[in-house]
Amino acid sequence: MCMDRAICGNFYYGGKFDYLEVIVSDGKIAGIKKDAGNVPKTNYDGAILPAATDIHVHFRTPGETEKEDFGSGSLSAIYGGTTYVMDMPNNRFPITDYNAFGDKLGSIDSTSFADFSLYSMETGKNAMLLDRRSIGLKVYLGGSTNSTGTEVIEEGDIRKINEMNYPVVFHGESERCLKTHQMEEKNLRDHNLARPIDCEIEAAKYVSGLDIKTKIMAHVSSPDVTGNFLREVTPHHLLLNDEMPLGSFGKVNPPLRDSRTQKRLLDDYISGKFDILSSDHAPHTEDDKREFEFAKSGIIGVETRVPLFLALAQKKIVPLDVLYRTAIENPPSIFGIKKGKIEIGYDADFMVIDFTSMKRINDNRLHSKFPVSPFNGMDAIFPSHVIMRGNVVIDRYEDISDPMGVFIPKPQKE
């Protein structure tokens with residue numbers, strides 16, 4: 001058993017910063033006090049928040065590790081204050097049964113710097129074959145990277161999903177709608193027109209009608225996409241638009257929208273109308289992005305997600321509590337994982353922030369295998385220290401640990 005010790009400083013607790021001494025034992029929070037008494041103490045200057053969770057990453061292991069692997073992807077995560085990631089199942093060989101799930105888990109082995117969970121892909125009729133350790137299921141209603149559209153989920157699968165209490169994340173673009181809008185694409189505006197907001201709205205209507213307990217509409221790109229589900233949004237849809245000179249490095253699914261839609265989306269996020277902020281980190285090689293019409297969709301973002309919004313919070317553009325709720329507290333809570341809160345029994349995962357240390361994002365300082373970021377040059381505040389389960393993994397802006405991330409399976413019903 002590890003000896004108790006205390007992490008001391010100004011913690012974000014109860015919606016405000018307050019000096020606390022948080023006792024850590026065996027990687028978990030064991031006490032929250034003004035004075036922890038006679039235990040070893042580590043004091044941190046700056047602001048201390050619980051570390052973040054990203055429920056939507058594509059680290060490409062196995063099958064496409066020339067683009068990214070769990071080592072490089074998870075290292076990027078912890079540099080950005082994210083100690084827990086959930087990896088999507090659209091690998092080169094999609095994770096559609098328990099054998100594929102086991103192979104993927106085995107290929108990650110001990111390479112992750114962050115704690116992690118894995119999704120399985122629901123094809124509409126394969127729920128009986130899925131690994132019970134899956135943190136949740138992903139349904140691609142419209143085709144995207146390494147996936148084809150699933151237009152209908154069979155009733156038997158819906159019953160099994162609810163029986164197993166799987167949260168289901170939907171790629172919310174209707175395949176039928178996408179097919180009717182296919183066109184030659186030369187730029188971001190064309191990509192927007194080829195995958196219009198109407199395709200998301202059509203998918204949202206279908207998802208709203210599904211009798212599934214926990215439904216999440218992924219990467220919502222327009223404030224008009226609403227319904228009976230939780231809503232996830234990404235930094236790229238909040239901060240970028242199809243009028244920016246990003247070329248194929250701004251090509252994503254769903255597409256970046258026009259500036260008016262983007263600004264309305266950001267206003268909704270600022271107003272607290274979204275549940276989750278995720279990166280949808282989806283790296284590709286430079287060859288994959290070379291020619292717009294044939295370029296693959298996806299950008300990097302796991303390292304910059306939280307730092308971008310810490311900078312916006314410091315500028316009083318985004319309320320800190322909105323960032324806390326959508327990037328830190330809600331994501332693990334929705335999946336039943338005890339992270340993201342300063343509460344006894346929760347993992348001792350923290351990030352230390354110097355709000356006066358604002359920097360511009362520099363591709364050359366990012367840790368993805370292909371660090372070409374559409375946010376290059378934007379203001380960000382990166383954590384000076386990151387602590388995962390009581391262990392310091394980033395110290396004075398540098399990683400100091402070997403990979404120590406652990407696999408977190410879906411909590412089983414008692």
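In case you wondered, yes, glycine gets a Cβ from its N, Cα and C as well.
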Checklist entry - In Swiss-Prot, the residues His56, His58, Lys138 are said to bind Zn(2+) 1. Which of Asp275, Asp280, Asp287, Asp288 is said to bind at that same site? => result Asp280
Checklist outcome for this item: Out of Asn38, Asn90, Asn253, Swiss-Prot lists as part of the substrate site with His58, Phe59, Arg60, His284 the residue Asn90
Checklist entry - In Swiss-Prot, the residues Lys138, His171 are said to bind Zn(2+) 2. Which of His219, His236, His237 is said to bind at that same site? => result His219
Checklist outcome for this item: The binding-site residues listed are His56, His58, His171, His219; by CA-CA distance, the one closest to His284 (substrate binding site) is His58
Next on the checklist: Can you give me the Cα-Cα distance between His56 (Zn(2+) 1 binding site) and His219 (Zn(2+) 2 binding site) in Å, rounded to a whole number?
Outcome noted: 9
Checklist outcome for this item: By Cα geometry, the one of the binding-site residues (Asn90, His171, His219) nearest His58 (Zn(2+) 1 binding site) is Asn90
Next on the checklist: I need the CA-to-CA distance for Lys138 (Zn(2+) 1 binding site) versus His219 (Zn(2+) 2 binding site), whole Å please.
Outcome noted: 13
Checklist outcome for this item: Residues lining the Zn(2+) 1 site besides His56, His58, Lys138, Asp280 (CB within 8 A of their CB center) are Val57, Asp87, Met88, Asn90, Val169, Ala218, His219, Ser278, His281, Ala282
Next on the checklist: Quick check on the binding-site residues His219, Asp280: which one has the highest count of other Cβ atoms within 10 Å of its Cβ?
Outcome noted: Asp280
Checklist entry - Arg60, Asn90: which of these binding-site residues has the sparsest Cβ neighbourhood within 10 Å? => result Asn90
